[in-house]
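What TrEMBL says about this one:
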{"type": "REGION", "residues": "545-574", "note": "region 'Disordered'"}
{"type": "TRANSMEM", "residues": "17-39", "note": "transmembrane segment"}
{"type": "TRANSMEM", "residues": "60-76", "note": "transmembrane segment"}
{"type": "TRANSMEM", "residues": "96-116", "note": "transmembrane segment"}
{"type": "TRANSMEM", "residues": "137-159", "note": "transmembrane segment"}
{"type": "TRANSMEM", "residues": "261-281", "note": "transmembrane segment"}
{"type": "TRANSMEM", "residues": "302-323", "note": "transmembrane segment"}
{"type": "TRANSMEM", "residues": "360-387", "note": "transmembrane segment"}
{"type": "TRANSMEM", "residues": "434-452", "note": "transmembrane segment"}
{"type": "TRANSMEM", "residues": "464-487", "note": "transmembrane segment"}
{"type": "TRANSMEM", "residues": "499-521", "note": "transmembrane segment"}
{"type": "TRANSMEM", "residues": "602-623", "note": "transmembrane segment"}
{"type": "TRANSMEM", "residues": "635-657", "note": "transmembrane segment"}
């Protein structure tokens, strides 16, 4: 059968183009970020030579730029490629469920972000919060999960990006795996977290512009498709030629998709672990201004939803519709399972509708996704090493300058190691699709314990250990048994099948949560978060700074003399006022009642959004077995276009408007110097 025949994916571009983009564009952005960082240091109070500025952007980033950073950091290569694969495989349900699987986690994390500002505003990493509350054992346990998460994420990013560059240009995959992180490491080393935010803005701008270009080509000017109605007709025919097992009438234009629903469950599990276990998202919560943290995550979740939904609904479905087109890269055969798992549906569609221009656009947008997300991971992993390993266990009295220097060294090390790690995975025949499904398997047992650490006062150390360890064991058992019972054999490909992943991820997530809660309630703690609130911002006068190791007080709630003095002083001044640090040498008084209102607002928002996107829209269409008419499909596509347009305008305009005063200061400094 043709579906089992693999035809080589014919590159449309020369290898030189691949090397030019990976090396040339990468170092261009590095140079641009270096110039911007230099201007910032010269004309503003922020300098990346300070550890606070380098790792947490002085906790002063406005919500528009945080929103943009969230969209950019959460737009992995998998966001573009795996969502398109889901559309190509399952139909219209795939992009929707991928969007749901990433958006509701960001919405729920908005609640956690509010609690971070309320209970641990001085923290640099989520592991510091764990250390201050539960001590060394829990800190080491979650350190394992934090580094495991970054390994999975970096592997996913680099393998997806390298596979796309290889398919479009023929560039060697191993070379791409090593070269992709190098240029990124340059501007991260020199600019720190704020440089990644600025780069995120540039990447998000390019991302949305290219999405709009594909809208115009696929739904408008392309001869191969040319209109929404023509695409609908092609998809209807595709449902007859290659019907989807488990879809209503085998159609690609229905939300009644059994495989799509399972994919949605796997995506939600993968998304929870990808957000809550990833220091990159905690870092953005830490970096934002206290009053705007939740707002930033709300806007980020809504804006990000448009990326996989709109992009994959356009290119993923176009790939399925154009399989029989002679211009299709693997014509006369569809994409093979390995090509599909590598995420080549979107590049195939772009090659058909735009030729070399489409290949360049996909190459650029995937490169942007990889660089923005990898930059977030580099600054995150360097913070974990500098604060949670180096300063906690090696040099507790490390100065601010030492922390920045160690962060620089570790960023360079991790950029090289990420290339080695992705090469190991490639040689082991592990690809983007495998890592996407397995992410929820290996990380889900830590999600609920991590979230409860900063939000629930009754959580105990025993609850954390029992939940994580027993949940992980049960998850592994469910993974193996589920794979064996459903697919008949335990092997590497079957372990990453959707049903195997859901069996394990759901077991690990639910049982770890239940065990954590019940063990904690058996002998609940009465933690007042005084220890986590006493985590100090690391001023340049590091000799007097308080370290996490000074406060290894566990659950007792006791803290160091410095912390107790600070706490008592705050209580004398007013128990309902929280003094939060918003930058080096700056403080802002925010009432605890105000922060509680922010948390409640985030709770209602996350509940409403989750119910809307996960239940109200897809579930009625699933159980009604509705197959889209041409009119409803046109309405569906129009919604994707409108949502993407609003998200793009929001991400492009809001950061500029919020930073207009700072931009004018820099402009005046450049052009009005005497």
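Using N, Cα and C of the backbone, Cβ positions are placed for all residues, glycine too.
Bear in mind that TrEMBL entries carry predicted annotations, made automatically and left uncurated.
Note that the structure is predicted; figures quoted are calculated from it, not measured.
Same-chain neighbours of the transmembrane segment (499-521): 262, 265-266, 269-270, 272-273, 437-438, 440-441, 444-449, 452, 456, 458-460, 462-464, 466-468, 470-472, 474-479, 481-483, 486-487, counting only residues six or more beyond its ends whose CB sits under 8 Å from a CB of the stretch. Here the transmembrane segment (464-487) touches the transmembrane segment (137-159). Their Cβ atoms form 3 or more pairs under 8 Å, with each pair 6 or more residues apart. With pairs at least 6 apart in sequence, the transmembrane segment (17-39) and the transmembrane segment (360-387) have 3 or more Cβ pairs within the 8 Å limit; the two touch. Proximity of the transmembrane segment (261-281) to the transmembrane segment (635-657) is not established, fewer than 3 Cβ-Cβ distances being under 8 Å for residue pairs spaced 6 or more apart.
Put simply, of 96-116, 137-159, 302-323, 434-452, the stretch with the most CB pairs closer than 8 A to the transmembrane segment (635-657) is 302-323. Looking at which of 96-116, 434-452, 602-623 has the most CB pairs under 8 Å to the transmembrane segment (137-159), the answer is the stretch 434-452. Among 302-323, 434-452, 602-623, 602-623 has the largest number of CB pairs under 8 A with the transmembrane segment (96-116). Non-local neighbours of the transmembrane segment (602-623) in the same chain are 93, 96-97, 99-100, 103-104, 107-108, 110-111, 113-114, 254-257, 261, 264, 268, 294, 297-298, 301-302, 305; each lies 6+ residues outside the stretch with a CB under 8 Å from one of its CB atoms.
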